[in-house]
Amino acid sequence: MVFRGKSGLGQGSALAVLAVLSVPGTALAQATTPPAAVPAPRPTASSAPQDAAAVPAPAATPVPVPVPAPPPVPSETAPLAIDEPVMAWSVDAASKLASVIEKVGADGLIPADYQPEKLRAAILAGPGAALDQQASRSFAWLAEDMRDGRTRMQSRLQWYLVDKDVDTNSITGLMTRALETGDVEGVIMGLAPTHPDYAALKALYASTPKASKTARNLIQVNLDRWRWLPREMGKYYLLTNLPEYQLRLTVDNTIIRSYRTVVGKPGRTATPNLAEQVEAVVFNPTWTVPQSIVVGEGLGARLINNPKQAAREGYKVTKLKDGMIVVVQQPGDNNALGRMKIDMPNAHAIYLHDTPSKALFNTPVRAYSHGCVRTERAVELGMTMAILGAGLTPQQAVEHNLSGKYTKVPMTKTFPVYLTYFTMATGIDGKMGKFADIYGRDAPVLASFAKPREAWNGQRITSEKVIKLDNPI
């Protein structure tokens, strides 16, 4: 689809998109529920353009009743306490566990990690404290790795994606269920990823000869990466595989649309791995120019003394009382964020957005940005998300875009975004493919699989310092 016109999507193309989005029987039409009332955009001090109208204050504000301050909520990234209970195991239950351990090699895990010989010896010795301790230990370690992955955080470079499966599937709860139901295998294997791409990768692993060690090791690493992600990813979600330079709009694990991407340059501006929630879709966004450009490149001084030039180039320039110059690029085809931005608040200031530099989408290697993910056909993506995630009609979504005005459409449905990293995966063409390790993130994972299993220390994300880029586009 070619985008034309001052609004980023010409009237003819906009109507074509509207027609496609509303055709009965299409995957997208089936995924779209009847539109709800459209909430009016609510600009905030942090997200609205500087020329947005002020919201009038209420006539009177009741005096709040003092209430005790709630206890502090621990951060979801804080390390967790280790959950390795010791429970009573029968010989029958422990024997079932031993059988499961023998099979987990099919998922790319290493049976020897879970001490099968010690478990067999304890089974032969019969019921008692030794069997309870060994079976509990073997179960806990295997359940941890099937649920969260074998690779520890020090080997997951730039991994800031929090997997909440540990919060919903505690080892204590899992072990209790396995022993009460007697279905040890069902409980363990029920932790494996459900995404169809995991099943495809597992099938490839099974068909790859053991003599092909390099190929099997790469598949093993990428099987583990699926375990790093939440088992249930949501009904609606966006997933981009950074080395593939592709973004998928997904409903019920079915790809509805795919888009080429431009990701961060290797090094300091490499795009991190994240899982964030979409807060809103912004049509015709503004862009506050970083001070590194305003001051460092002299843009502010040049424009403050030449308001006509500023207006001609699409900038609004303000000099604050302390002398600081703020430059905001107004909506337009030349805006650095293009005609659409996906708001997904995070500590890295990373988001998905349009770009005026669309020629880069035609290049095979697309690691050029300062960290953010530039998205092909971004206006189409934004309109589709506004329909699926905010209940807009296709006509309303088109009108927001064609208005040429800053418009923020808050999501009314949960819509996560996953920035992932797979170097062996199913491509958008449905075929298994190998992708270049653009950020060098394979080596530490491969090294971790070559070593004995390390005990999990409760760490949930990498300990690497968060880099909030001054100019993330």
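Every residue, even glycine, has its Cβ placed from backbone N, Cα and C.
The feature active site, proton donor/acceptor is assigned by TrEMBL to H353. Using a 10 Å radius centred on the Cβ of H353 (active site, proton donor/acceptor) and all shown protein chains, the other Cβ atoms total 25.
According to TrEMBL, the feature active site, nucleophile maps to C372. Within 10 Å of the C-beta of C372 (active site, nucleophile) there are 27 other C-beta atoms, taking all protein chains into account.
Residues annotated as compositional bias 'Low complexity' in TrEMBL: 43-58.
What TrEMBL records for 236-395 is domain 'L,D-TPase catalytic'.
The annotation region 'Disordered' is assigned in TrEMBL to 33-59.
The signal peptide annotation in TrEMBL covers 1-29.
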Between H353 (active site, proton donor/acceptor) and C372 (active site, nucleophile): CA-CA distance (Å): 8
